[in-house]
Amino acid sequence: CDRRFSRSDELTRHIRIHTGQKPFQCRICMRNFSRSDHLTTHIRTHTGEKPFACDICGRKFARSDERKRHTKIHLRQKDKKVEKAAPASTASPIPAYSSSVTTSYPSSITTTYPSPVRTAYSSPAPSSYPSPVHTTFPSPSIATTYPSGTATFQTQVATSFSSPGVANNFSSQVTSALSDINSAFSPRTIEIC
């Protein structure tokens, strides 16, 4: 590749790139490395050794470049503190967007909003229907008979549901005579109900 080196060990290390030679082997996992310092760093993953400590917070690292990258975090934090502490030298008509002051306004007002979901349906018959906020809808058993011109509408409703705003457990049997609403509905409408 026509590269030149002043030291023979640098040339030897470089030639390994071209030949793919990896003479340094980890005795724990048998992984091979072209450089001895890479093997030394790798062995730290097995031993858990972390010889490079941060001078500011004391956190330890296995590699010096990891410590160097970590130290930059502290420098950025320090720069931010200096920016926040330094007063503005020129007055600007536009306020700064970043501020070290946090303002909160406590309120004793509790705001509630009506639910957009209706909890009951109006019914032409004096009976009760399940709420639309049910998580399950049981199938009602409906039996309609017409002995001598009178109608009987029987429904068994056993519903249990939980909702953040509503907590009801109820079981009821609704039996109502439809003879009082026969004038309002045709026999076909009563069959559908």
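Cβ coordinates come from backbone N, Cα and C, glycine included.
For 69-79, the entry in Swiss-Prot reads compositional bias 'Basic residues'. According to DSSP, the compositional bias 'Basic residues' (69-79) comprises 11 helix, 0 strand, 0 coil.
What Swiss-Prot records for 85-109 is compositional bias 'Low complexity'.
Annotation comment: Swiss-Prot describes 65-109 as region 'Disordered'.
Swiss-Prot lists R3 (among others) with the feature site 'Interaction with DNA', giving similarity to another entry as the kind of evidence. Here R3 (site 'Interaction with DNA') comes close to H14: these same-chain residues lie at least six apart in sequence, with C-beta atoms under 8 angstroms from its C-beta.
Annotation comment: Swiss-Prot describes R7 (among others) as site 'Interaction with DNA', evidence class similarity to another entry. The DSSP secondary structure for R7 (site 'Interaction with DNA') is coil. Other Cβ atoms within 10 Å of the Cβ of R7 (site 'Interaction with DNA') number 8 in total over all chains.
Annotation note: R13 (site 'Interaction with DNA') sits in a helical segment as assigned by DSSP. According to Swiss-Prot, the site 'Interaction with DNA' annotation covers R13 (among others).
In the three-state DSSP scheme, R31 (site 'Interaction with DNA') falls into the coil class. According to Swiss-Prot, the feature site 'Interaction with DNA' maps to R31 (among others), an assignment based on similarity to another entry.
Long-range neighbours of R35 (site 'Interaction with DNA') (same chain, six or more residues apart, CB within less than 8 Å of its CB): R13, R16, F24. What Swiss-Prot lists as site 'Interaction with DNA' is R35 (among others).
Within the same chain, the residues at least 6 positions away from R59 (site 'Interaction with DNA') whose Cβ sits under 8 Å from its Cβ are A53, H70, listed in sequence order. Mapped onto three states, the DSSP output places R59 (site 'Interaction with DNA') in coil. Here Swiss-Prot flags R59 (among others) as site 'Interaction with DNA'.
For R63 (site 'Interaction with DNA'), other Cβ atoms within 10 Å of its Cβ number 13. Taken from Swiss-Prot, the feature site 'Interaction with DNA' applies to R63 (among others), supported by similarity to another entry.
As annotated by Swiss-Prot, site 'Interaction with DNA' applies to R69 (among others). There are 11 other Cβ atoms within 10 Å of the Cβ belonging to R69 (site 'Interaction with DNA').
Summarising the annotation, Swiss-Prot assigns zinc finger to 1-18 (among others).
Positions annotated as zinc finger by Swiss-Prot: 24-46 (among others).
The zinc finger annotation in Swiss-Prot covers 52-74 (among others) and is backed by sequence analysis. Long-range Cβ contacts of the zinc finger (52-74) within its own chain (Cβ-Cβ under 8 Å, at least 6 residues beyond either end) map to 41, 44-45.
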- prompt: Which ones are near R7 (site 'Interaction with DNA'): of the recorded sites R31, R63, R69, which have a Cα within 10 Å?
  reply: none
- prompt: Can you tell me how far the Cα of R63 (site 'Interaction with DNA') sits from the Cα of R69 (site 'Interaction with DNA'), in Å?
  reply: 10
Query: Between R69 (site 'Interaction with DNA') and R31 (site 'Interaction with DNA'), what is the CA-CA distance rounded to a whole number of Å?
result: 27
